[in-house]
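Enquirer: One structure coming up, written as structure tokens, with questions to follow.
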């Protein structure tokens, strides 16, 4: 989009009241100025003369009074369109009966009609149009009668002696037979003179009403975007808290559960088996280090978004959940997860089955992460809660639309909560992950014992399918995740990889076609300035007006073509065919940049200025450029960035000087601009010197007049820009607001992540480092000569105790984070939100326990 919005979004917002006050002041000044200007001619017989009334003759004083009385409704025509229009009609009726038949300010009726249609209520437009037609007929009749008969209260003889009215005889009687043709002619002329402008004003008013309706709707939409800024920031922070809680559970809590299981097993199995004990201790140490590294990456503690300045600001969901990082698990890592589970729980009989044609390439990186986390969470819960000697299976079913996972076991099922453990947030996070990818998750106890988790992960749409479906938007009309823009690039590449080489060329051709279609579609979206809710009630004029706004590039092309045809030069105009062709080509080159005056305002203005200056310097004839330069200056001021004035003002000064030189050289000195600049005078001698000196005032006057004109046009463009009624500027402002809103969401999420990481780093990191320290001490003990079974068992017991303490602390942290997350807002209506409290205060509250008892979870099992 070539239109630029205000660079400072918040300070650029101007209330509707301020615009209304400014418009009212403008209307008052305009009403006084126009009335004062017209009143100077009201008593001039040369311009207007005295127009008698239907009943009474008119005096200069009466004419002046009626001239000024219409300034009052004119001043209020936009502030109170209906009241001012009614007042104007009432004054007109009184004037037509008791005052002059016509005064110069009667032309204000057109402005009143325009205002009441454009700014008034839609349902009152037609009644006022009917009133306007009726007043047109009444005015035509009154003025025709006055021209034919004069004021009726004056005796006929006196009227005839005062003015030769067409239907009066010298005796003061009326002779309709002799004046009937003139009467009809005067009535027809008068009716046409009044009715044609009325029709034109009605069309223009409806045209403008459609523009104002759309502009007002876009203003309200922009105000809504600004109003929801704070709420969007809060939601982004809450979403980041929920994401961190979900990832902390999946990454860190899973590892802690493995450490506890390994420590408990090593306490008994490794006490008398030194190699087994050393292997188990090494596993514990490695898993602790991995958990610590994962948590630091999760929270951005090392290399956070402030590390590299503003350019390093990343959207959290992309950085942690949607990128294809080597540290992130994928579908292929499920095998390692199954092997790890078998090693950690030898009494667990686990099998993995696949049905259908496996297509992991149809799952993008985030979808593969979701699949891994579902299996990870399910296996963790089986190890922790299903009990000993359990049979479990992982079933993968690859269908046409996605992957269906089913993890079942024959363990304790619903009886797993009988030990009094407090459910956590594992299944909640699993559901959130799947819902974010358009999938589903169902989990619960099985009939007859055991537990079952069923999940569906849809395939990532191919580029072709995405293009046909279009973007998925949320309730605000935006993409649900800002990561989609970045992921689309990866998904577009991954989705095009086909296992069938034969269809590769066909798929590539389809992709290229859809790429072209997308470019056209995006360009159409940029041209679409929006459709107001009232658009369904538009009449034909308003619909055409709306269509021209949405297709402004085509309209600018038509305007350029119209200007070209108006100034088309033919050989029959007294010039040679070659000369006429050159003139037409120069006009075409001059008008061509104006086609993109709204699409690319700066480039269009720069190209136009370059062409104009070159034509003025080189071409030997007068060009079209000076006449349409106001068009280019106005456009770049209105649609271009505010910084454009830095080069527009000097360009105006330079162009005005070149124009003045060209005008002076050709019209005063009788030489070409090139000859003047090149120092080849066409006039020599004293007369030539005198004429050259006399040309300087002409040049300066011409340059000053051109500068004043273009700077005035520039001021008009700036005025229109700040009025908030131009749809392209409003659309650019909306785009800027949405961009800032997206940046603010990213910033809010980053700030929330930094705040959380600063508070919980010491809690979790110190505990994990403690586990690692105990593991290192255990390894040193196993490497020493002085080792016995009791000390080995005590080392494993200490690690298990430390792991349980870390897991308990983790559950407290997850509880605090989840209390302001979306899952708890949706599932636990009584949950209190306290995002403003410090994390230490929330942890202290969590440790003391809520007043209403322990929060339970309907999932049956968690963590």
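Yeah, the Cβs are placed from backbone N, Cα and C, and that goes for glycine too.
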Enquirer: When TrEMBL marks a stretch as transmembrane segment, which of 49-82, 83-116 is it?
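Expert: Range annotated as transmembrane segment by TrEMBL: 83-116.
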Enquirer: According to TrEMBL, which stretch among 5-23, 24-42 corresponds to the feature transmembrane segment?
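Expert: In TrEMBL, residues 24-42 carry the label transmembrane segment.
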Enquirer: Per TrEMBL, which of 626-643, 644-661, 734-751 is transmembrane segment?
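Expert: Going through 626-643, 644-661, 734-751 one by one, TrEMBL gives transmembrane segment for 644-661.
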Enquirer: Look up transmembrane segment in TrEMBL and report which of 471-491, 492-512, 513-533, 576-596 it refers to.
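Expert: TrEMBL lists transmembrane segment for residues 576-596.
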Enquirer: Select from 408-431, 432-455, 696-719, 768-791 the stretch of residues annotated by TrEMBL as transmembrane segment.
Expert: 696-719
Enquirer: Looking at 250-277, 278-305, 306-333, 334-361, which one is region 'Disordered' according to TrEMBL?
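Expert: Checked against TrEMBL: region 'Disordered' maps to 306-333.
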Enquirer: Below 8 angstroms Cβ to Cβ, which residues of this chain, lying six or more residues outside the transmembrane segment (187-207), approach it?
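Expert: Same-chain residues near the transmembrane segment (187-207) but 6 or more away: 110, 113-115, 117-118, 125, 129, 132-133, 136-137, 139-141, 143-144, 539, 541-542, 544-545.
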Enquirer: For the transmembrane segment (603-624), find every same-chain residue at least 6 residues outside the stretch whose CB is under 8 Å from a CB in it, and list them.
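Expert: 2, 563, 567, 583, 586-587, 589-597, 632-633, 635-636, 640, 644, 647-648, 651, 654-655, 658-659, 661-662, 666, 672-674, 677.
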Enquirer: Which residues of the chain, 6 or more past the ends of the transmembrane segment (644-661), have a CB below 8 A from one of its CBs?
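Expert: Tertiary neighbours of the transmembrane segment (644-661) are 601-602, 605-606, 609, 612-613, 616-617, 626, 629, 633, 636-637, 673, 676-677, 699-700, 702-704, 706-707, 710-711, 714.
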Enquirer: Taking all residues of the domain 'DUF7134' (545-673) together, what is their mean pLDDT?
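Expert: Mean per-residue confidence for the domain 'DUF7134' (545-673): 86 out of 100.
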Enquirer: Using a Cβ-Cβ cut-off of under 8 Å, list the residues of the same chain that are 6+ residues beyond the ends of the transmembrane segment (696-719) and lie near it.
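Expert: Same-chain contacts beyond the flanks: 626, 629-630, 633-638, 645, 648-649, 652-653, 655-657, 659-661, 663-664, 668.
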Enquirer: Report, as numbers and ranges, every residue of the chain located at least six residues beyond the transmembrane segment (552-570) whose Cβ falls under 8 Å of a Cβ in that stretch; write 'none' if there are none.
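Expert: Result: 527, 580, 583-584, 587-588, 591-592, 594-599, 624, 628, 728.
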Enquirer: What same-chain residues lie close to the transmembrane segment (24-42): Cβ under 8 Å, and 6 or more beyond its ends?
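Expert: For the transmembrane segment (24-42), the nonlocal Cβ contacts are 48, 63-64, 67-68, 70-72, 74-79, 103-105, 108.
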